[in-house]
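> Next up is a structure, given as C-alpha cells.
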Amino acid sequence: MDSTPGSPGGSSRVEAKLLNEASVMVPNLTEDRHKGQAGRIGVIGGSMEYSGAPYFAAISALRVGCDLSHVFCCKEAGPVIKSYSPELIVHPVLDLDNAISYIKPVLSRLHVLVIGPGLGRDPKVLHTVACIIDHCRHNTVDQKKPLVIDADGLHLITEQPELVVDYPGGLVLTPNAVEFTRLASSILRESWSPAPESKADNLMALASCLGPRTVIVLKGSQDLVASPHHILPATGAGSGRRCGGQGDLLSGSLGTFLCWALVAGRDVECKIFPEITSQRMVVAAYGACRLTKECNRRAFTIHGRSMLVTDMIDQIHNSFEALFGQ
C-alpha cells in the first residue's frame with residue numbers, strides 16, 4: 001500500500017504524523033494568555049427554519065477550545081440561538097437591509113469565518129453573504145481571513161464560484177457526495193461519478209481550479225482531505241448513526257483548528273507538505289475530521305441508535321484528550 005501523503009491509501013505512520021502535527025498546533029493553556037488568543041470564530045448562518053445548525057457549529061468551536069464564538073443569523077433565529085447557550089455572541093442581523101454595515105466592524109476581530117450552517121437559501125441573505133466574502137477578499141484588514149464553507153454556503157459558491165476562486169486567505173470546503181457533485185459540475189464543467197477510483201483525481205482537480213490555498217474535505221464513511229497536490233484519508237472508527245448536525249460539529253471544530261493552524265501555530269515548523277499554508281490547512285482539516293469521528297464513536301457506544309449530535313458534542317473533551325493528548 002502506498003504510504004505517501006498523495007495516496008488515499010496512506011499508511012498509519014503518515015496519519016500518526018498528522019495527529020502529531022495537529023497536536024503541536026494546539027496552543028498551551030498558560031497563565032500569561034488573554035481572552036481571544038486561542039481563537040475568535042464567526043459562524044454565518046441561522047434562519048427561520050434552521051436554528052440548530054449554527055448553534056452546533058458555534059458551540060463545537062468553543063468546546064474544542066476557541067475563546068469566543070460569534071453567530072451572525074437572521075432576526076427570527078436570534079432569540080432561539082441565544083436561548084440554547086449564553087456562551088455564544090449572537091448577532092441577529094443577517095436578513096436586515098443594511099446587514100453588511102453591522103457585520104463589517106466585527107469581522108476584523110475574528111480569526112476564521114464558518115459560512116453555511118443553517119443559512120438557508122433566501123436570495124437577500126445569500127447576497128449579504130456574498131458581500132461578506134467579497135469584503136474579506138478585497139479589504140486589506142480582513143484579506144487573510146480563512147473561510148470554512150459548508151451546507152448552503154456551498155450552494156452559494158456553486159451558483160457563484162467566482163466568489164472563492166483564488167481566495168487569498170485560505171479556503172476549506174466540506175461537501176458531502178451530493179454537494180461535491182454539484183460543485184464539480186459548476187466549477188469543473190463536467191459531471192462527476194462518485195466511483196471510488198475517481199475520487200482522488202476529482203477532488204484534487206476541483207481544489208486546483210479553486211486555487212493553491214484551497215482544501216476540500218469530502219465527507220463520508222471515510223473522509224478525504226485534499227489540496228491541489230495531495231489527498232489523505234481521515235480514517236478512524238465512527239458508527240452507522242447519521243443523525244443531523246454532525247457536519248456542523250465538523251465545521252465548527254475545523255474553524256478552531258484552522259485558527260490554531262494559521263494564527264496560534266504560525267511559528268510551528270510542519271514537515272509533511274512543502275506548501276506551508278496549504279499544509280497547515282490540511283492538518284487542521286484532518287484533525288477536525290478525526291475528532292468528529294471519535295466523538296461519533298464514543299457517543300454511539302453510550303447511546304446507540306438514540307444518539308444525537310448533542311451527545312457527540314458532550315464527547316468533545318474526552319475525544320480531544322484521547323487524540324491530541326491535552
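Heads up, the Cβ atoms here are built off N, Cα and C, so glycines get one too.
TrEMBL labels come from automatic prediction, so no person has curated them.
Taken from TrEMBL, the feature (6S)-NADPHX binding site covers G118, N176, A177, V178, E179, F180, T181, R182, D248. What TrEMBL lists as ATP binding site is 219-223, 238-247. The domain 'YjeF C-terminal' annotation in TrEMBL covers 18-323.
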> When a 10 Å sphere is centred on the Cβ of A177 ((6S)-NADPHX binding site), how many other Cβ atoms does it contain?
12
> To see if you understand the setup: which same-chain residues, six or more apart in sequence, place their Cβ under 8 Å from that of G247 (ATP binding site)?
P117, D150, A151, T174, N176, K219
> Express in Å, rounded to the nearest integer, the largest CA to CA distance found among the (6S)-NADPHX-binding residues G118, N176, A177, V178, E179, F180, T181, R182, D248 named in the record.
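The span, Cα to Cα at its widest, is 21 Å.
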> List the Cα distance (Å, whole number) between S221 (ATP binding site) and A177 ((6S)-NADPHX binding site).
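The separation of the Cα atoms works out to 11 Å.
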> Of all the binding-site residues given, namely D223, S239, R241, C243, G245, which is spatially nearest to T181 ((6S)-NADPHX binding site) at the Cα level?
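Nearest by Cα distance to T181 ((6S)-NADPHX binding site): D223.
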> State the count of C-beta atoms found within 10 angstroms of the C-beta of D223 (ATP binding site), not counting that atom itself.
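Result for D223 (ATP binding site): 23 other Cβ atoms within 10 Å.
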> Can you count the other CB atoms that lie within 10 A of the CB of E179 ((6S)-NADPHX binding site)?
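Summing over all protein chains shown, E179 ((6S)-NADPHX binding site) has 21 other Cβ atoms within 10 Å.
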> Given the binding-site residues D223, S239, R241, C243, G245, state which is nearest to G118 ((6S)-NADPHX binding site) when distance is taken between Cα atoms.
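That would be G245, nearest by Cα distance.
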> Including all protein chains displayed, how many Cβ atoms other than that of R241 (ATP binding site) lie within 10 Å of its Cβ?
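Around the Cβ of R241 (ATP binding site), 19 other Cβ atoms lie within 10 Å.
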> D223 (ATP binding site): which of the binding-site residues A177, E179, D248 is the nearest Cα neighbour?
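The smallest Cα gap between D223 (ATP binding site) and any of the binding-site residues is with A177.
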> Cβ distance under 8 Å to C243 (ATP binding site), same chain, sequence separation 6 or more: which residues?
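Result: M307, L308, V309.
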> What are the non-local neighbours of S239 (ATP binding site), defined as same-chain residues 6+ apart in sequence with CB under 8 A from its CB?
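Residues satisfying the criterion: N296, R297, F300, M307.
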> Who sits close to G245 (ATP binding site): which same-chain residues at least 6 apart have their Cβ under 8 Å from its Cβ?
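Residues satisfying the criterion: G52, A53, F56, L308, V309, T310, M312.
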> Tell me which residues of the chain lie with their Cβ under 8 angstroms from that of D248 ((6S)-NADPHX binding site), as long as they are six or more apart in sequence?
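Same-chain residues close to D248 ((6S)-NADPHX binding site) (Cβ under 8 Å, separated by 6 or more) are G52, A53, P54, F56, A57, S60, P117, G118, D150, A151, V309.
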> Between R241 (ATP binding site) and A177 ((6S)-NADPHX binding site), what C-alpha distance do you get in Å?
17
